[in-house]
Amino acid sequence: MSIEKVPILGKETIHVGYGIQDHIVTEVVDNLASSTYVIVTDTNVEKTPQFSKLTNDFTKVLNEKRPDSRVLTYSVPPGENNKNRATKAAVEDFLLQQGCTRDTVIIAVGGGVIGDMIGFVAATFMRGVRVVQVPTTLLAMVDSSVGGKTAIDTPLGKNFIGAFHQPQYVFIDVSYLESLPTRQFINGMAEVVKTAAIWNEEEFTRLENFSKQFLSVVTAKNPDLLSIKEELVKTVLESVRVKAEVVSSDEKESSLRNLLNFGHTIGHAIEAIVTPEALHGECVSIGMIKEAELARYLGILPPVAVARLSKCLVAYGLPVTIDDKLFLQRVGPKRHNIEIDLLLKKMSIDKKNDGSKIRSVILESIGKCYQLKAHEVSKQDLTFVLTDEVLVHPFKQPPQENVITPPGSKSISNRALILAALGTGTVRIKNLLHSDDTKHMLAAVAALKGAEITTEDNGETIVLKGNGGDLVTCDEELYLGNAGTASRFLTTVASLVGKSESNDHVVLTGNARMQERPIGPLVDALRSNGSEVQYLNKEGSLPLKITAGNGLKGGRIELAATISSQYVSSILMCAPYAKEPVTLALVGGKPISQLYIDMTCAMMKSFGIEVTKSTTEDYTYHIPKGTYKNPAEYVIESDASSATYPLAFAAMTGTSCTVPNIGSSSLQGDARFAVDVLKPMGCKVEQTATSTTVTGPPRGQLKPLPHVDMEPMTDAFLTASVVAAVAQGDSSTTITGIANQRVKECNRIEAMITELAKFGVKADELPDGIEIHGIDIADLKTPSIEKRGVCSYDDHRVAMSFSLLSGLCKEPVLILERSTTGKTWPGWWDILHSKFNIELDGYEPPFGTDKEGTKASDKSIIIIGMRGTGKSTLSEWLASFMGFKSLDMDVYLEEKLGNDIKSLIKEKGWEYFREQEAAIAKECFSKFSKGYVLSTGGGIVEGAENRQRLKDYITAGGIVLHLHRDLEETVSFLSVDTTRPAYTSEVKEVWLRREQWYDDCSNYHFYSSHCNTEEEFDHLRKSFVNFIKIITGTEKASIPSGRSAALSLTVPDLNAISSQLGDIAVGAEAVELRVDLLKETSSSFIADQIAVIRKHIDLPIIYTVRTESQGGKFPDNKVEELRNLLLLGVKLGVAFIDVELTAPVEVIEEIIIKKGYTRVIASYNDIAGKLGWSNVEWTNKYNQGVSINADIVKLIGRASSLQDNLELEVFRKQNTLKPLLAVNLGSQGKLSQVLNTIFTPITQESLPNEDGLLTIKEINQIYFDIGGLTAKKFWVIGSPIQHSRSPNLHNAAYKALNLPFTFDRFESTDADQVYKELINKPDFGGLAITMPLKLDIMKYATELSDAAQKIGAVNTLVPLEGGYLGDNTDWVGITSSFTRAGVPPNPRVNGLVIGAGGTSRAAIYALHQIGCEKIYLANRTTSKLNEIKDSFPKEYNLEVLETEDQAEKAQNVGLAVSCVPADKPLDESLLQKVEKILANGEKSSNGFKSTLLEASYKPRVTPMMKIADEKFKWRAIPGVEMLVNQGDRQFQIHTGFTAPYDVIHRAVVEE
């Protein structure tokens, strides 16, 4: 038995060995005399053979040597959640009960939880007793057991209460690891890697080399630790030595010991959020990488060190990112809780901080920390490192001169790795690009056993010993991310691979984008040469399954090389290993990127194989058989494509930059960029054979480049494009020769055009290029953060290019997916920050925002459904709302084939038509994949190929929307439709055949009610648009911040009460559909019920299927039916879905994954009232709801006494992480229903009510009775106001909701009088303000809304704490009047405001909020209009129409607001202007009827309305609608309640 002793604090008290239980017992009994030895462990360790042996031996030896002493054992529950005050107290109570005294020796046997907590017990029991640590997990052995730190957790964080208490001994018996679960084993390696990373580079290198053997042993079904015993003991020993040395220098963590916290500042914060699902080491592993990236960002740690640390952690099976696949599986929905503000909050209360200043350990190199202490780091820098979105601030003071060395070339790096792996001998590769691409390539080479790979020079040099092309298959898929180069090179390499004992094929796969990128021509060439390659998903793209053992036949290979030169290079490099010499003929025209092909040939020559070009045939190469001979050293040239970014920075900012190792002799085509692009644009360029310097002209003086062929340097076109964006002159900049850029990481040409437009730069697509119309730097627009800034498309070159243009804007610019630059330049942002002095900020989007940046709304939406279900009409509505183009695929087919469908079927039959339909579907889904609504023919689901294509579209993240309506209505419509071919069978039969297909092939479903009137059509459109908002994420349902109620609809069929629904829903902010109480639960019936609600109520729908055990009617044993019903709710696009926490875990998880933008209410119902609110089970259920990231947690109990309600309120105050809906049912539970704030379940007298729910009137009355509501007085003020309808409106709402408020008139023209007599009274509730006080009353407003500020007047005043809020709701009256009249959101028309009075300013504000791109102003005189125009921001784009000619030229006006007096004759000159505009209204409306709103409500029909309606066929909205709608919003501001709209409308309109 070998035992290593490690000194700490001057004593050799740390003993390390394998199987040392006997030594532990002897050492303790001989040297630590005591009357009582207490062995404390947890219930897991208690069951291990090692623990049994330890306790048995202890008892035996104690009886022999100290017969008067006793040994006690005590077990605690396992897990971090039991490391708390309660468990500590339980241990202490046990010790006291057993009569333990100060001479007690406590032996803590277990993992970190036991060591920390029992050490703390020892530190405080009897003011301190002796403790011995016997760690049983790897993490405890190398970390928590050494150094004397003890602690317990609190709700606010880990280890906040504890003490330093050094153990008498630490006995590390590595044999305990034999029973350690694999995940715990790997977890401990994080701390091992950490200690080596901060202290011992030599040990770190050993760990790098040990990883593969370690992982293979610990992940085996029956791990054999004896096979790695020596290495394992050394691993523990070296880590312990580091910690012991550090602790000996700084026992109480005043300085040096802080180094042990590397990775913990961020890691602990993550752990606090995702514990217990994620383990300590897993979180610290992520923390180490983030803190290493921080050090790199600060310019201290080299990029290669970050890459090396990351690779080592991954090699031990540890996560290095929050979005690691396995980490995400483990933490589940808690991933959504990892938000930057919460992380920073957790970090700010870290123990090593200096007050609230966050401190972190900064790594300088592997094995060394910067200045041997923790450093204060800014929240700004931390936010940047912790987020994947970046705000690039304006380039204010960049250095005048700079020298930047880009990382190694990606192209050369990947080629060098392939050649070296296929070669024989050892090569030292220097300046290799350490990026995602090369990481995937290295991993693949290692997995295929192509080479032995090690590192030297602190990771700067890769030492690769090639196996001469002798590769074998591996069991796992080779995942390549979005590494296009690696995927193409490895496809041919995989064809050379031999079979292993366990596998006969290689699978290459990648991320979603990689699975869209083309590889077909290469596969075709390989197949023709004997390789067996199978597509596993989409034809022409990864994943690929390549059968091993076939190899390449050799001989002549023909390859299409007009798309990618990488296909050519892939075959070239592998050709020497074919069975016969290869002649590679490139067919289809001139190959793309010839210089890259030349590069490959030159590199092959460096590795001993010379390629010769054919002298008789163009684009043809002869490659001999042979084996590469690896050179002793190969230096990778810096990446010329990457070098374009710092050089372009100099060009755009008027500064100078030198790239010292890329010049005219470079192998890379992109080395020409400075000379061929920047120099003609006005830059001074100095280029030698090995270096390039660019000096830009004064900022803003770049010249456009009329034409440049960038075929030799296609990747650099993106950099050229952003330079051209700010190059002004007589011409545009035209770039050609870049057709291949459409099939890179994204369609780069399309991406460039789309993103440049966000900066106000117009660009046009050319057949093989792009034309850019540069603008003045001062005219650059700042892309909207709200609209998600600049999308990078997961493309490194897009992100880096736009980082340059962003800095020229006046405001910070948001760029998404910044980490995508890791493909070629992981440290690009660090260079911008540390070398160019650019301010960067991390950015985290608001919760619920699509973090991909490419919103669901960018992707085309496909519409399916039976003929006659409204596909054409609803498609137009959808296209109008989304800003998409609408394409009827039947019409497209007819145009393409030159024949109408009816004739086509008559002539050639249904089978031919279906074949053509399938071909058109394939074309359209690809060609029109973005920005379209694709309306399909009713029978598209008849063909299996089309059905699969629709399913694939859904899998790829697209929306396929199934539209349906009442079958009888459909039959009636089709019976008179003669424009389409007749069905070969009855309509009902066709529907029954297709019904399941429609369901299988769609992920959303909208059931449209039959409409008879224009009003019903308007309402249908509004409800349809609301549905679209939810399914596209354009607008998620809001969670009320104030008191709110939800009406529970408990009837078996809503059709029976449909006409009453508006009145029944008074007082509700949402309606709950109890699906389990419906008379049937077929999908069609439920869809009909949802349609009924949407037809009659404009409220969010809560979709609930309550099971029997939870108080409902749905059978508990029908789990699959429950799952299907919940998924149906998501498919129907409801705002909220109720998910019972008692449902099977797999059902809950599936709903969470597939919910889209529907919000989740996690519910639990204790219908029997068995649980009191002090029972821990309620807390467990609440936490369960939080853990699945529910939007609301709903807990329902049953009260048997008043006390139950009071306990519930205590519970409510204690649980605030997520909004809580908690009430008690039954007659005793009414108080809880009154005190609940979010979506309180309510009923109406006419509805069944078995649960004792209250009506909204009852709730408000009781709330008033107990003091929750106080009586308030509201007034309308101004003069004259005797005819004001505001009192009617507000008092009707107060009565309907039973609110203790009154609303009256107060006629006055004196604001001071109003303040004295109304505002300054204790019962003052608020004002509705009319002329002449809209301006005068503003002096009493301590805060103004944005609307009030821009409109320059207030019509609403309410008290705030310490002051008053002034608001203006006139604009809401305008916008709501338009939308309720059928005007869609984002109507994409221009607006017209008639008049120049006070209301005209509200109209301008309203039309801008609606989305009018331009707003025309017309009035009798224009002087006042010019004043109004000058007072609004430029982006309102206001144009004053001074003449009739100008009015006639006004374009695309579809909305108008008349703000001229209605009781006076219309001015003739003004009328002439208005009529010129109204006359063009029919062609201006964008899918809706052009609409005019009258601002005057007397008379009901004004002269302007008559002209608009009768003469020009515009829709005219009377002013009374504006009055109602502004009052609706005003009521909400006054009271916090939602106004009952139908009630207030009747009160005003029917007066």
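Glycine too: its Cβ is placed from the backbone N, Cα and C atoms.
As annotated by Swiss-Prot, active site, proton acceptor applies to Glu253 (among others), with the evidence given as sequence analysis. Every protein chain considered, the tally of other Cβ atoms within 10 Å of the Cβ of Glu253 (active site, proton acceptor) stands at 19.
For the recorded site, His268 (active site, proton acceptor), the DSSP three-state label reads helix. Here Swiss-Prot flags His268 (among others) as active site, proton acceptor, drawing on sequence analysis.
If you take the C-beta of Lys1194 (active site, schiff-base intermediate with substrate) and look for same-chain residues 6 or more apart in sequence within under 8 angstroms, you find Asp1138, Ile1161, Ala1162, Ser1163, Tyr1164, Gly1185, Leu1220, Leu1221, Ala1222, Phe1239. If you look up Swiss-Prot, you'll see Lys1194 marked as active site, schiff-base intermediate with substrate.
According to DSSP, Asn187 (NAD(+) binding site) is assigned to a helical segment. Cβ neighbours within 10 Å of Asn187 (NAD(+) binding site), excluding its own Cβ and spanning all shown chains: 27. Per Swiss-Prot, the feature NAD(+) binding site maps to 42-44, 80-83, 111-113, Asp116, 136-137, Lys158, 176-179, Asn187; the stated evidence is sequence analysis.
A strand conformation is recorded for Asn159 (7-phospho-2-dehydro-3-deoxy-D-arabino-heptonate binding site) in the three-state DSSP classification. In this view, Asn159 (7-phospho-2-dehydro-3-deoxy-D-arabino-heptonate binding site) is surrounded by 18 other Cβ atoms within 10 Å of its Cβ, with every protein chain counted. The feature 7-phospho-2-dehydro-3-deoxy-D-arabino-heptonate binding site is assigned by Swiss-Prot to Arg127, Asp143, Lys149, Asn159, 191-194, Lys243, 257-261, His264, His280, Lys351.
As annotated by Swiss-Prot, Zn(2+) binding site applies to Glu191, His264, His280.
What Swiss-Prot lists as ATP binding site is Gly865, Met866, Arg867, Gly868, Thr869, Gly870, Lys871, Ser872, and the listing cites sequence analysis. For Lys871 (ATP binding site), other Cβ atoms within 10 Å of its Cβ number 24.
Positions annotated as region '3-dehydroquinate synthase' by Swiss-Prot: 1-379.
For 392-838, the entry in Swiss-Prot reads region 'EPSP synthase'.
The region 'Shikimate kinase' annotation in Swiss-Prot covers 858-1048.
Swiss-Prot lists 1049-1258 with the feature region '3-dehydroquinase'.
For 1271-1551, the entry in Swiss-Prot reads region 'Shikimate dehydrogenase'.
Ranked by the number of CB pairs under 8 Å to the region 'EPSP synthase' (392-838), the listed stretches 1-379, 858-1048, 1049-1258, 1271-1551 are led by 1-379. Cα to Cα, Glu253 (active site, proton acceptor) and Asn159 (7-phospho-2-dehydro-3-deoxy-D-arabino-heptonate binding site) are separated by 14 Å. One way to see the shell of the Zn(2+) site is to take the Cβ centroid of Glu191, His264, His280; the remaining same-chain residues with a Cβ within 8 Å of it are Leu139, Asp143, Ala190, Lys194, Gly263, Gly267, His268, Gly281, Cys283, Val284, Gly287.
Local packing around the binding-site residues Lys83, Arg867 was summarised as the count of other Cβ atoms within 10 Å of each Cβ; on this measure the leading residue is Lys83.
Val193 (7-phospho-2-dehydro-3-deoxy-D-arabino-heptonate binding site) sits 62 Å from Met866 (ATP binding site), taking the CA atoms of both as reference points. Looking only at Cα atoms, Glu191 (Zn(2+) binding site) sits nearest to His280 among the binding-site residues Arg257, His280, Arg867, Thr869, Lys871.
Scored on C-beta pairs under 8 angstroms, the neighbour of the region 'Shikimate dehydrogenase' (1271-1551) with the top count among 1-379, 858-1048, 1049-1258 is 858-1048. Distance between Cα atoms for Leu260 (7-phospho-2-dehydro-3-deoxy-D-arabino-heptonate binding site) and Thr869 (ATP binding site): 67 Å, as a whole number. Each residue in the region '3-dehydroquinate synthase' (1-379) has a pLDDT score, and their mean in this model is 91. The separation of Asn159 (7-phospho-2-dehydro-3-deoxy-D-arabino-heptonate binding site) from Leu177 (NAD(+) binding site), Cα to Cα, is 25 Å. Under the three-state DSSP scheme, Val193 (7-phospho-2-dehydro-3-deoxy-D-arabino-heptonate binding site) falls in the helix class. The DSSP secondary structure for Val113 (NAD(+) binding site) is helix. Asn187 (NAD(+) binding site) has none of the recorded positions Arg127, His268, Thr869, Gly870 nearby, counting only those with a Cα within 10 angstroms of its own Cα.
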